[in-house]
Structures are given as C-alpha cells and as structure tokens.
Amino acid sequence: MYGIEYTTILIFLTSITLLNYMLKSITRIMDYIIYRFLLIVVILATIIKAQNYGVNLPITGSMDTAYADSTQSEPFLTSTLCLYYPVEASNEIADTEWKDTLSQLFLTKGWPTGSVYLKEYADIAAFSVEPQLYCDYNLVLMKYDSTQELDMSELADLILNEWLCNPMDITLYYYQQTDEANKWISTGSSCTVKVCPLNTQTLGIGCLITNPDTFETVATTEKLVITDVVDGVNHKLNVTTATCTIRNCKKLGPRENVAVIQVGGANILDITADPTTTPQTERMMRINWKKWWQVFYTVVDYVNQIIQTMSKRSRSLNSSAFYYRV
C-alpha cells in the first residue's frame, strides 16, 4: 500500500520536473529566435533608408500640422504635385503625348516621373462644385475671362483658405453672420440664394418671411456662391435645396499647399471680401501667354520657386474637407 503511494508521488514529482525543464527549453529557444530577429532588424534599419509612405496617404478631412518625412531629406522624392488646367489647354495642344512630354520636363527640375499629376477640369463653374486637391502641392491654372472674373475670385477664395463649416437647416432656423470671417457657402449644379433680413421682432426688413418672392436675391443659378450679409442680423434664407447645398462657414486662415496661377488679365484678381483690407494676393500669380505650351513651359521653369511660397500638407482636400473640419 505504502509502496503504491510512494510510486505515485514519485511519478508526479518526475512529471513536474520534466514539464519545468521543457518549458525552460522552449523559453530559451523563443528568446534566441526573437533576439536574433531584432538584431537583424536593427542591422538592416541602419543600412536601408526607409520611406514613410504614410506621409502621402490621402486623409479625408483637414489637419493644420505640416508633416515632414523623417526618413528622407530630398524635397521632391517624397512630395506630389498636382497641376490643374482647363480642358481648353489639352484641346489647343491636341497631342496625345503632351502629358509625357511635360512629365519629362518636370523631371529636369527634380520632380521624378510619377510625382506630378496633371488634372483636367471643364471650366471654372464645374471645378467650383467639386474641387479635389489631393497632392502635397496643388497649382490651379485659371484662364482669365472678364465675364467670369467674379466666379474666379470666389473659387480662389474657396480653395486658398481653410474653412470650418456646418450644415444649415434653413427651413427651421434663422441665421446670422457674426463677423467678416463668417460666410455662407453654397455649391451645387444650380444655386439661387435669396435672403430676408429680420428685425428684433423677427419681422422682415423690406420683405415678408412668408413670401420668398419678396426676398433679396444675392445669387442666381450659380454653382458656387459665397454669401456675405450684414453681421449680427438674423436672416431668413431661401435656397434651391434640390440642386444646391448651403453651409455656415468660418474662414480659419490660408490653405498654404494651394496656389492659383492666373493666365492672362491685366492684374491679379483680388479675392479679399473686406474692402478696408489690403488686397489678398498671397499664392496668386499671373502668366501672360497666348499659347498653352508657353504657359506650361513657364510653370515648369518656376515650379520650384512657386512651391517655396507654399507649405506642404499631408492631407487630401476634396469638397468635404472644405466644409467639415476634423
């Protein structure tokens, strides 16, 4: 009887000893593998110059901080450049290989093939509805047209500045603008905007709040409208909501990774809404050439000087980024 109990205890102790030995052996093997792997990673990290691809990933929204690539010092190898041009440019050039030619010319200025993107838009009005500025640096070419001067000015004001915007429910609420930086921005296929200022008794000043036909018309069938009214006064609004969206926006400051190059015209457009301030012409430039090849040649020649006036931002800028700040 005692012999059986002693044998059982001895087997139990032997099993524990063997299990402990096996666990220690496995631990030593795993430590050896992990340490060797880490050693190889450390050695390779000192040899290979890794690029942080996350720097150029598109991000929906808007961030103020400028991000620098910590693993590469070459300014253009980790940057992207978008050049936006009207469709009339490609129609005039009429060459299926012209983009490849332009890409090779940018290469002579230090911009590798694949880092420059040429993006076409139909016209100023169409570009205003859905501006998409995804690159680290964005250059927008605008052909001057005296009949579209105000449209060009509004578009430049939109893309050259950072806006914090919120949706507006104009069927339920009255709205007022608090200061000069506060604007109402409408975009869509057809925007007609009417306003009715209200007194302290919420009665219309020169209009009837129940009759939109008596409202003051500030825009008619436009694709982009930046509305500025008297600050501190409530307004009842009427907008063609079926084809247009209006938002209450606050201008936060310049969007420094965007520049506008005006093609033609006697003077650079002034996009400043406040008549008492100095004209805003930062990151607005002018090129006077009749032919589009001449325009593109000049852009290539001065591209590196132009981006010195800009700041690289690692973010994607589409229409939602203009309107919703993250």
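A Cβ is built for glycine as well, from the same backbone N, Cα and C atoms used for every other residue.
The disulfide entry in Swiss-Prot for Cys82 points, among Cys135, Cys165, to Cys135. Contacts of Thr214 (Ca(2+) 1 binding site) defined by a Cβ separation under 8 A and a same-chain sequence distance of 6+ are given as Cys196, Gly204, Gly206, Cys207, Leu208, in order along the sequence. Cα of Asp95 (Ca(2+) 1 binding site) to Cα of Cys82 (disulfide bond): a span of 20 Å.
The Cβ of Cys191 (disulfide bond) lies under 8 Å from the Cβ of Ala219, Thr221, Glu222, Lys223, Leu224, Val225, Val239, Thr240, Thr243, Cys244, Ile246, each on the same chain and at least six residues away in sequence.
Taking the C-alpha atom of Cys82 (disulfide bond) as reference, the shortest distance to any of the recorded positions Cys165, Asp228, Val229 belongs to Cys165.
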